[in-house]
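Notes for the one structure printed next.
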Amino acid sequence: MASSSSSMEGGVENDYTQDGTVDLKGNPVRRSKRGGWKACSFVVVYEVFERMAYYGISTNLVIYLTKKLHQGTVKSSNNVTNWVGTIWMTPILGAYIADAHLGRYWTFVAASAIYLSGMSLLTLAVSLPSLRPPHCTDPDPNNCPKASTLQLGIFFGALYTLAVGTGGTKPNISTIGADQFDDFEPREKAHKLSFFNWWMFSIFFGTLFANTVLVYIQDNVGWSIGYGLPTAGLLVSIVIFLAGTPFYRHRVPGGSPFTRMARVIVAAGRKWKVDVPGDPKFGNLVPGCCSVLNNYYDRFLNKAAVQTGSDDGPWMLCPVTQVEETKQMLRMIPILVATFIPSTMIAQINTLFVKQGTTLHRQIGSFHIPPASLTGFVTLSMLISVVLYDRFLVPLVRKWTKNPRGITLLQRMGIGIVFHIVIMLVASLTERHRLSEARKHGVVESGGQIPLSIFVLLPQFVLMGTADAFLEVAKIEFFYDQAPESMKSLGTSYSTTSLGIGNFISSFLLSTISDVTKRHGHKGWILNNLNASHLDYYYAFFSVLNFLNLGFFLVVIRFYVYKAEVSDSMHVLAEELKENARLREPSSNE
């Protein structure tokens, strides 16, 4: 009886998660009751609807700014990329609030309410005639009446309210999903390896709907319905997420990651003359869990953990664990920088790629193809590529590499960067063909429609989706996986920061190159009339930029050391213990 009781207690004890997750009251949670794919289903459903809302706006925004607010090519494109850049930068703030104060769940809930209010205001702004300038049919936006300060204030105020809401939802929703799997339980760890692939699948499923159905409604039915539908969908998704609350696992906020990192850097700087012991086991270091490396970069930060006898407070002396966390976050920054240029390429999809589509033949019978709907092929290509990669390529490559992921995350990112070189070469050659057709049919000066099918642009959209399947999926998984456990939200925000800075770089390059190429009496590369522009030169310049970035990436990854996963270490330790026990068996029998 005692033995049976002990077994039952052991079974109950083993049912509790081992990764420190709790319920909303702070109590340990049972693996069989919370988390796993059941909990993730509520999270994934939210992401599908939220992506419908976001891409329902961003995909066709350059068209709205051009046709309804009468802005030129450079101004409308930069307004899109500046807003998108802000959308992807605010997650840093959301990650800080989640990790330091409210936790991921409550930060997400508060931010989703802000997100919904921004969507509602934006729907109002496009619905009321008094909140936009009069209709104008002149192809040159410079000849149309401009929007008033009030109209612009309400419209862009709604857009940037959305950006604030995204800041709290984006870095936390994917992290909440990943938190539903216990790294210390082999079966759940295996599921987690596929989670980020299917997470991106759900994102792009919502995006596909936005890029096809919502874009068509906006162009052919009305902007009010085109914005009203995703607003309603967002409301439904928030309700669904809240309904899943009883099934979620949560992590207790671990304090501000920025503060912990700042303490290490400040403490190391204040002790820059202090010598670091050669071996931490024999040195005068504050106890911690991690080993200390001996290269110069690591040795400088290790000074923060050296006891000198006159230390006073956390800004002079830090545990080795904090030092290691800081080193890991800083170690990822060169990888982050290498993703800026590919993110700049992604910014072209909803701006110049769409603007190119407006100059081409878009009629199929009585059906008029919205220029922004081609972005749906990015989504479709990405969805197909992710499935093929996860179900066919990974199992095939795994046989040779013995890596559970098939190839490493950095190798996968590198393949995506190579794709971006090819994409911009293809885009440059396609644009050269489009311009030759414009000259052939005499529509250069008039800026009229070229009798060339819009599907000539299809290769650059399809290739962009394939590149996303490699680079974007690997990027979000890499920064989550390599971040210290207490800084997962901050790690996730690295991937969104990449997209934000990429969009700001796009705005800078577009304005600068547009201005520089107009000097000394030249017409310039980027004009309101794309038929008289030279986007082929602009895209060729991007190809060179991507090639240089690939070289930088290859240099950076040579010096990167992957963080050892605790769960993998535990697995190796268990196997070693079993092997030692097996070797001892003969002697014990004797």
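Any Cβ shown, glycine's included, is placed from N, Cα and C.
Note: TrEMBL annotation is automatic and uncurated.
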TrEMBL annotation (region 'Disordered') - matching range among 1-24, 121-144, 433-456: 1-24
CB contact flag for the transmembrane segment (148-165) and the transmembrane segment (196-217), at least three pairs under 8 A: no
Recorded stretches the transmembrane segment (450-471) and the transmembrane segment (369-389) touching, at least 3 CB pairs under 8 Å: yes
Contacting positions for the transmembrane segment (369-389) when only residues 6+ beyond its ends and CB under 8 Å are counted: 55, 59-60, 62-63, 197, 200-201, 204-205, 207-208, 211-212, 215-216, 218-220, 349-350, 353-358, 362-363, 454, 457-458, 461-466, 468-470, 472-473
